[in-house]
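Visitor: Starting off with a structure, shown below.
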């Protein structure tokens, strides 16, 4: 019951603060014999890295990962894999403001309520910097999935909305998400997003977003009733990402408007196997995967660290206006995309190992 | 890592199938010395009980709970509380159809994919009958919350939408939810819902819904970063309810459209304590409660057991049309409301005990 | 983190008090498709049942087990298996003495220290009656092991010492343990034990014992470093049995006197497989099974409920002499033998599923 | 269910191999606001450090600990505490022998059975080097205990036997254990131990030992029935230390010879509180602490890495004689003493937090 761990058989525990000497994680339960080097992890970290466009924080971090244990002669040994990333650009600066002033919408105030004492530098433990550890763990999970699966499992995330501007789903092109720094799958929507973000940045404000994450190639049978449901774990995983306020599986909130005959995905036989004619379920029924693409979606709120003054209080109980200077993402949804992929990979690896243990096969 | 348990310090494990002899749960970790009798649990079960209106299944269950352990002379002893409910109306009937035919949108097919062998009678383990155990456990959790809190903690759920018909939130009246069998908080919307459900029932179809659940009176400081977030646990708890496909906290998906200064809830001082001027956050920041009402919302899909024929396959791989006769809820969202309350109560009790253990105080 | 559960993938949660209406357990994580009926469980319960000789408590319990869930058409479904045993001979009597007087060596006083409020009737939750649930769970674990293994796995326990009277290990005969009610493996020692127990019983006293438990046929590779060691889990499992104060694996405390070359079990090749020439290690090295018999041993203290008056105090802080009337085992070690077997079976089933999950194969 | 973690609310996860770049651990669940710096940890590591006498391995390690997270301005924040120790003396050498030859009594063979692939350098993950991480975590646990308790809690370990040479318990002097490198509490026994170890070392052999560990000052009420027993957790903790083959609580195996009236510790009143007249129970009844000293004891086997040739096999299935050169402890029991203290501190801190969470008070 570690608050900083997730997963059961494939279990990740993260540590580290935004402005401490380093951050990292332990991946416990990774099967032995899987080829793994830093080169398998680094590209995923590079995708999440700050400072890659003018629309993310200008903090410069190499985000170079080191494997400190659990791998020998290039292959996992079944023992815990310790991954570590040095913090190199945690500027020394005057934190007197942020130390005592509560940003509306930020965890400042609740950390203080709970713990009384917190590392306020750069947001400390509540900073999105922690998500770099998740991406590193997710890269390991991808290797596990590749080892477990005969089919290629593809896990991808994209932004489907920034502010009120949604993409046109008919133009959805995964390849496009690799070509632009906003993980936008619709080239035609991109200019509008850039304009919006430019305006937001100029105004010293921030904006929310919606992220879609899809896993293709996972077999049916992963997940478990009743409290080990695959979708319950995905929901918790996505909700654990900083700023997320809503999660959907498949049709999500749309199902409320549907009738039974509209919602159920009809089944037919195809090459001797069950094939579904639609995927309202998002690949999960009764908490167990169907073999269709697993589809999740989440909404992420606008960064609370903004230049626009907002009424608040400080630790001493004085009413103040808060203005947050410094390097912040105007839209934290952007860098949440690779994090969402990593979380999905971890959840699937964990469930697959659980399934193999408790049911066998696969 | 029990798939049929939830919670950590306040831990609930449920068991039982729709048409087995009984269902029940074990509540482990309940503090000692709390007054508890069957009479504290029964009223909550009665609210969830089937057959209370023509809009829920016509199965007749007394849903009478028995406490088999963990309580002595009317007070909890700190040892596991076993709760049991007999199944009395599991009609003997011919299950040959349901046994081999997969209902689109139902867990039939994934249970078979995963386990190969399943109790198909009445949906077996995947039946919403399991949620009666949750309601019983939730009643215990309410007693724990009452014992922990100086303030009165009020946890209530209501349907806010059936199909496309949402309530008018300006007319929201919690008292109303106790007066009608649809947990509708808006008397003016009720007739439209009844008409819709009547039509749906006549058509042999079913319809989705949205449920809101709100906890008032919980203190700030509950929950924990990073993977023990209160909202992550609430999301998992709600997503574990049969048929739920989306979960929101506070403004939920609306936050995607907001700017930072719109989303952050401004703070002011009131009687020497921090007061928030709005509650976009739904009472949770950084995974930790703020002391404001905790607000969650979820969408639940239409029942997949309908009289409308839907194309599907059977266990033998033959393409068929499925028609599900028998007693089913046309809108499973209705009876999900008391279940949602119970889950919220359990999550809060668990987090409160965790907080007391790891941080102290409270 | 349930205090009343053990195991991870094969997870058992027990509930119930000595004089409540019933006791039972939930076995969660049992693989699907395993043939299981009450008839697979009952014989093991019958071995542990009280009242089978004059040397165990005269309480008469049918100890009839019912499977309430998780099994359909005679085979497990992968969902939680609820097992229940009614308490039929919990005599109504005057508990005024036992309610307030602390038996030296008994958990009376610590339950009161911890919980303030306890079910004192017949020892409540601390009664060895709880171990019937373990035996039932162990019977399920045996079925799992049989399903997992190609070889036959044999798990047996015997008393190797009562008081100062140890068996002659050269005369050890497992078959003998089935012929006498003391689980004595050495027919020649049996009369001396009977004489000793007769004397103890007449004196209204009780006596300690040592129990050996051995599992044969388990494959190498079960268990895991560092905190998932097979021997660490066996030690915890045995120590959790009422009255156990010491646990050994293999040579146990004898290893303190050995030199390296005496302790290490030499290896040779036999039919192309590694064969050990001795088994000082008790079948476990580095927390992982070697494929040799797994050998554990534990010491169990004399019952604290005796007719001999012992100086103590009561709840009111008065110094008193305690005499415990009622039906008690003069040597609780006897009925611990089937319990030890059950715990060993559960630990092995759990580790085997974990191994299958995290490492694969087997 | 992480194999490399122990504890629940106070949870320690260790990582690292003997000859990797570093080792370390994460301590999750430490309450906030506790003063903690490297200086609180280092002295305990220094006690365990190798190379402090001719009777321990000659490997030279500074064992310098760094706190990488979870502490801010000298006080814990409630977030995970990452502790790291560089490996500085992992000599590059030829491992061709050890890589393929199985030392009898060593985990070489079982790691290969389980994982197929292992880091053999210096024993890899199975090396006692891992225990440095435990000692670091134990130092944090001591700080937690100090913060929780009004009384001073003193946790000490000593060797009570090396080979056949036991100390005279009447001459037991804890102060003496700080004056000699063998943690010997009996000055009169020390010369005999030194002579024995000198002989053993000269012979290229090794020898077993018994370690006692005692915690004084812990309150009554810690621990929990049935599977969260304090003694069950202590047993698992001690059994998880490399080479341990037996664990006792209080009188341990002696209880087998006792009668009820000899075993139960009589209670009297002293200053209005319950006082026990003896401590056969080792401070634990029914899995819950009595408030008396908590007494555990364990036997540890002789090192399996010896110069004496022992018959074995290699990875290729050839029968060989194994001789282990290199730097090894002739008696691993010596350095196990500080490790045992650390494990005891961690178990107590964990149980205390659990107790505070589930029962309150304390």
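Including glycine, each Cβ sits where the backbone N, Cα and C put it.
What TrEMBL says about a protein is an automatic prediction, not a curated fact.
According to TrEMBL, the feature NADP(+) binding site maps to A:48, A:54. The annotation FMN binding site is assigned in TrEMBL to A:125, A:126, A:127, A:242, A:243, A:286, A:301, A:302, A:303, A:304, A:305, A:327.
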Visitor: Looking only at Cβ atoms, how many others are within 10 Å of the one on residue A:243 (FMN binding site)?
Guide: 25
Visitor: By the criterion CB under 8 A from chain D, which of the binding-site residues A:125, A:301, A:303, A:305 would you report?
Guide: A:125
Visitor: Quick test of understanding: given the binding-site residues A:54, A:125, A:301, A:303, name the ones whose C-beta is under 8 angstroms from chain B.
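Guide: From A:54, A:125, A:301, A:303, the ones near chain B are A:125, A:301, A:303.
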Visitor: Looking only at Cβ atoms, how many others are within 10 Å of the one on residue A:127 (FMN binding site)?
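Guide: Looking across every protein chain shown, the total is 19.
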Visitor: Measure from the CA atom of residue A:301 (FMN binding site) to the CA atom of residue A:48 (NADP(+) binding site) and give the result in Å, rounded to a whole number.
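Guide: A Cα-Cα distance of 18 Å.
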Visitor: Tell me whether residue A:301 (FMN binding site) sits in a helix, a strand or coil according to DSSP.
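Guide: Its secondary structure by DSSP: coil.
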Visitor: Rounding to the nearest whole angstrom, report the longest C-alpha distance spanning A:125, A:126, A:127, A:242, A:243, A:286, A:301, A:302, A:303, A:304, A:305, A:327, listed for FMN.
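Guide: Overall maximum Cα spacing for these binding residues reaches 43 Å.
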Visitor: When a 10 Å sphere is centred on the Cβ of residue A:303 (FMN binding site), how many other Cβ atoms does it contain?
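Guide: Step by step: centre on the Cβ of residue A:303 (FMN binding site), count other Cβ atoms within 10 Å, giving 29.
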Visitor: Please report the distance from the Cα of residue A:301 (FMN binding site) to the Cα of residue A:54 (NADP(+) binding site), rounded to the nearest angstrom.
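Guide: Cα-Cα distance, residue A:301 (FMN binding site) to residue A:54 (NADP(+) binding site): 19 Å.
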Visitor: Express the distance between the Cα positions of residue A:303 (FMN binding site) and residue A:54 (NADP(+) binding site) as a whole number of Å.
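Guide: Residue A:303 (FMN binding site) and residue A:54 (NADP(+) binding site) have their Cα atoms 15 Å apart.
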Visitor: Counting across all protein chains shown, how many other Cβ atoms sit within 10 Å of the Cβ of residue A:125 (FMN binding site)?
Guide: 29
Visitor: Measuring CA to CA, name the entry from the binding-site residues A:125, A:127, A:243, A:305 that ends up nearest residue A:54 (NADP(+) binding site).
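Guide: Comparing Cα positions, the candidate nearest residue A:54 (NADP(+) binding site) turns out to be A:305.
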Visitor: Just checking, which of A:48, A:54, A:301 (binding-site residues) has the fewest C-beta atoms within 10 Å of its C-beta?
Guide: A:54
Visitor: Through the lens of DSSP with three states only, how would you label residue A:127 (FMN binding site)?
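Guide: Looking at the DSSP assignment, residue A:127 (FMN binding site) belongs to neither helix nor strand, so coil.
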Visitor: Around residue A:305 (FMN binding site), which residues of its chain at least 6 apart sit with Cβ under 8 Å of its Cβ?
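Guide: Non-local contacts for residue A:305 (FMN binding site): A:103, A:106, A:123, A:206, A:324, A:326, A:328.
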